[in-house]
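According to Swiss-Prot, the features are:
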{"type": "REPEAT", "residues": "4-44", "note": "repeat 'WD 1'"}
{"type": "REPEAT", "residues": "65-106", "note": "repeat 'WD 2'"}
{"type": "REPEAT", "residues": "112-152", "note": "repeat 'WD 3'"}
{"type": "REPEAT", "residues": "159-199", "note": "repeat 'WD 4'"}
{"type": "REGION", "residues": "692-723", "note": "region 'Disordered'"}
{"type": "COMPBIAS", "residues": "695-710", "note": "compositional bias 'Low complexity'"}
{"type": "COMPBIAS", "residues": "751-763", "note": "compositional bias 'Pro residues'"}
{"type": "REGION", "residues": "751-1079", "note": "region 'Disordered'"}
{"type": "COMPBIAS", "residues": "780-791", "note": "compositional bias 'Low complexity'"}
{"type": "COMPBIAS", "residues": "792-806", "note": "compositional bias 'Polar residues'"}
{"type": "COMPBIAS", "residues": "851-863", "note": "compositional bias 'Pro residues'"}
{"type": "COMPBIAS", "residues": "871-888", "note": "compositional bias 'Pro residues'"}
{"type": "COMPBIAS", "residues": "927-941", "note": "compositional bias 'Pro residues'"}
{"type": "COMPBIAS", "residues": "958-967", "note": "compositional bias 'Low complexity'"}
{"type": "COMPBIAS", "residues": "968-981", "note": "compositional bias 'Pro residues'"}
{"type": "COMPBIAS", "residues": "985-1000", "note": "compositional bias 'Low complexity'"}
{"type": "COMPBIAS", "residues": "1008-1019", "note": "compositional bias 'Low complexity'"}
{"type": "COMPBIAS", "residues": "1026-1050", "note": "compositional bias 'Pro residues'"}
Amino acid sequence: MKLKEIDRTATFAWSPNNLRIATGTVAGTVDADFSSSSQLEIWDVDLMDRSSEGFRLTKPAVSISADTRFHDLVWHNTGKHSLIVGATESGSLEVWEADNIKDSSTSVSVKEHSGPIKTLQFDPHNPTRLVSGGTKGEIFVWDLSDPKKPIAKKLGTDNKAGDIESLAFNNITRNILATSSSNGITTIWNVDQNKELTRVKHDKPVSHVVWHPSKPTKLITAVADDAEPVMLIWDLKNANAPEGVLQGHSKGILSVDWCQLDPRFLLSCGKDNRTLLWNPDTHECLGEYGAAQNWTFKTKLNERTPDLFATASFEGKIVIQTLQDVNGGDAPAQEGDFFQNLGTQSQAKISLKQAPSWLQRPVSNSFGFGGKIVTVTTTDGKSTVQVGKFVGDKVDTESIEVVLKGDLTSAFDEVKGAEWKVLEALSKGTDEVRSFLDIPVMKEEPAVEDDSEDVFSKMSPSGAFSLESSDPINQAIINGNLSTAVDLCLKEDRLLDAFALAEKASDAVKTKVQNAYFAKQTSSTARLLNAVNTNKLDDVVENANLKDWKEILALLYTYGGAQFGDLAAALGDRLRESDRDNAATCYLVSGKLDKVSGLWESEITTREKELTKDNVAPYTAHFSALKEFIEKISVFRKATNAVDSGTVDGLYNKYREFANIVASQGNLELAQQFLALLPASFEGVGLERERLNKAAKPSVATTATSKASAYGKPSYGSATPQASAYTPTASAYGSMYAPAVPAAAAPAAAAPPPTAAAVPPSPAKNMYAPQPPAPVTGFAPAAQSPGAPQQNTHNPYNPTPQTNAYAPQGNAYSAAPQQNTYGRSTPGGGPVRTTAPRHDTAGYNDLPAGSVPPPKKSAPSPGPISSAYAPPTPAAPSAPPAGGPRPPSVNRVTSPGVPSGGVNAYGFPIGGAPSPYGAQAAYGARPPVPAVVSPPPPNPYAPAHSPAQNNVQPAVNPYAPAPGAVVSPPPVHAGIVPPPAQRSAPSNPYAPAPGAGAPPASNPYAPPTGGFTGAPAPHAGGGYTAPPPAQVAPPPAGPPRNSVAPPPGGPARNPVPSSPAPPPAAAKHPAGDRTHIPATSRPIFDTLSTQWAGLKPHIPEQYSKHVRDAEKRLNILYDHLNNDDAQPEMVEDLLKLSNAIAQRDFPTAQALQLQIATARPDECGKWMVGLKRFVEMAAAVRTW
């Protein structure tokens, strides 16, 4: 699996200390700009950065210029120094200290070779010793104890040896060196003795030599010749001939690397642009990694992390990838899968047959999420895997579970402090809260009727008086100018007169008098009255003395209204520093979740310390404090119905922590309840929920026994089908997988006139939306004779075959019964979908959850299978109906049965929804209405035709058998019992139909020919007895029968009444016209067409067919926009989707596409497939 790419044409070396890689411009190449510059660069490989930007490394950590280009590069620790050494085309040895590289002046350059240095190798037994090999057979041994003063010693020169292409020190025996040369000679040296020990020779150039990691006499040489691209395995105990040959490359091999931790892995690459993985022990090629566009000249495993290796090619890339591919291997992909893998088409396609030695588990047990433990025991080569429950410190969550159920009474049973009293008051309602705040409950007193005169009316002034019109106030009153009169009263400080006058004046005058009053009064009462009267209670909150906090809170509760929560929280903020308990009361009464949770969350650590003083373990103390916090929060939310307000990220983190702890104890249901409280946008919550949902699924079995494999895990190969642990729930659409259950038959409806058989074609339906069940009509075909073969009437929109309860289940024309190996009901004659059982235990090669491809459609099984739609076997065979057999019905138009049970590439059932009467078919429920056979719907994967060709056609099942001539079964005469049916072999679904004279074998993949087939054979085969009809209503009288029967042995064809012509379509603009797109839809067309034009050049040629098809379908969408056919909601969603593509926000674009397809399937036509492919291609390419 590709992890990183470096855009450099360079040789490279892995760092022995950390995940870094050094690159040096390779010799013998020319850049696109014909530059002769050379760079030495060091790159940080951050495997945690999985972004699209992080995939391609563009910024080296260190970059310096070099005087010459490199043939080879090594990075090695000598003990005191970390050295990078380069073999250059100028013949000089360049040495850098990796930790001190600043520029080219920091290198030490030594020239001893007379020509270019081709290869370098450090001695694993002597870290300061380096050997270099070059042209003309020159080999030098270097002492790098002091990197600034390298000391060289010539090992030997053999002019016949040619250029030294590769060096390798023996991994076991000290001082043993192997050198390979361009003339095919591989020489074994004793470096200390400067002595040649032996040679192995090949008649072709040898490009690379490697020693076996653990066997001192074994080595491999690679041949660079295109005519014989092989790797030879030698054992020096007999060097006369190679011990084995590894063949697989089509051109010369340039580089080989033998894994030091597991000798069963060997990498090779060469001129055929390929990188192969081998098992040298079995001489088997394990697989091929993604091919480059040019020669791959070096491949090397990382010594610290052998799962990783890098390959350099003349394509201009260094690719860093893993040994094991986790993207599904070479499994055949469906059309929809191609685009998901478009961006990874050149990645590895290898599934290792054995686990690397460094991954073989040294233990035999493993803990699993959700309080599970897996134990493995191996006896006599057989491994037994057991999955059980494991609980460490049992946590008590009963009280929280009770609260979540809504029962708060138990939470207040114990005396737990002042906060719990407040919570209890909140849980009991308003009266209890008023009582807690010492606010008396005002009871309404019954009104007392008093007919006596108003006592105050007797207190009115009486007697004669003078108006004193000269008084300005009196004059203003007389003239009705009350505002002026009030102003004069206020000016003379006559507040009582002003209040009396304001009663008859406007509200503005009243406010003026009140303000004047409050301005002159300084008492607390006046301040309080002002706050209440002007609704400025924040003045009381901010300025009143905190010793009266409870009275302030009561005032706020009485007059605060909608602002009470905010005002009470503000009062709590004032109290928090000086009086934590009273502040908590204010927060609780305010109902502010953020304030309450923030206060309690800050006290968790303090509570932990208190618990640890009582010799409680730190983890137990932490969980106890966390549990108290969660319990109080849960009670608070239930008591006040508090909603998330403000910033409650701290609370969400505590919810998640608590959920993880209880999930680890196996209480997955409680954990799910708390994760459900987190918003979907909260970071990481989606992954947590997915993990919980998977863990909560019931396992099929807790014990699995199988042969032990090389992975240390069971080898699953049993052909015995496993029972599925999942039973689909019946829905309004019925279930095509639900077992057939006998049900009481409903009385049959009266038959309408025979013209009901002519069903007008229905418009084509969306192939990607689940099909609703077919409507039930009142028409029932004529009843069959008890002795006649059972008719298998089929409705294209209701594919489940129906059975006549009055027809015998076995006869000479019966097809062989089929049996679904999974015990689910599938129509007879249809393909049975089988899938490999899913294993409950994970192994090395198991794919990640997000990488598992959707289930593929299996091919129909040609072997004899028995039908799962056969009626249940009765306890005793049924007796034939009383009376003579009735003649077979004639002139019946039926359609053949349609196989059901497959799914298309988008996960929806093929063939429509199952019949809602499937369970009643064997017990006499009426068969569905015969339907006119119509042309099949368009193939969702075929290229779209031009809009002018898209005539609306009725939708039928694309896998329906080809209709043919009706062949009448032989008549059964009265008193003559039909011969016993013989079990016949099932018809080959791929064979051509036989001639007329025998019931034609149906081909489920043949296109309709326009005729009508006779009734297929019943599902129950010969030898099987149908169950007796149980408490069923007699069938209704059928439509009038045609008195003319077809001649014996000949086909009977029935004319089909033509369907009424569809209404004329509204005038549309011509296809391809884009001038009438409304302004609201114009941005959709502009954005999609522009982005599509930019994306197309980046899609590989192999997908050209899909590109053309997608483009045609997109043009259909543009035609709809041009005709203003789209609904406003659809236009809005398409606008969002196009903007997401333009902004490269592909997850949002994919989510919007899925939302459109599922929420409005009726509005989605053929263009939706093109839009889906557009989004998938864009997400795969990502940048253009």
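Backbone N, Cα and C atoms are what each Cβ position is placed from, and that goes for glycine too.
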For the repeat 'WD 4' (159-199), could you work out the same-chain residues 6 or more beyond its ends whose Cβ comes under 8 Å from its Cβ atoms? 118-126, 129, 131-139, 141, 205-216, 219, 221, 224, 234, 236, 239, 260
Remote residues contacting the repeat 'WD 1' (4-44) - C-beta distance under 8 A, at least 6 residues beyond either end: 54-58, 60-77, 82, 84, 86, 88-89, 96, 98, 101, 116, 297-298, 300, 302-305, 310, 312, 314-320
Residues from the same chain, set at least six apart from the ends of the repeat 'WD 3' (112-152), whose C-beta lies under 8 A from its own: 27, 71-74, 76-79, 81, 83, 85-93, 95, 97, 158-169, 171, 174-175, 177, 179, 181, 189, 191
Integer mean pLDDT for the repeat 'WD 4' (159-199): 92
Grouping DSSP H, G, I as helix and E, B as strand, the residues of the repeat 'WD 4' (159-199) number 0 helix, 23 strand, 18 coil
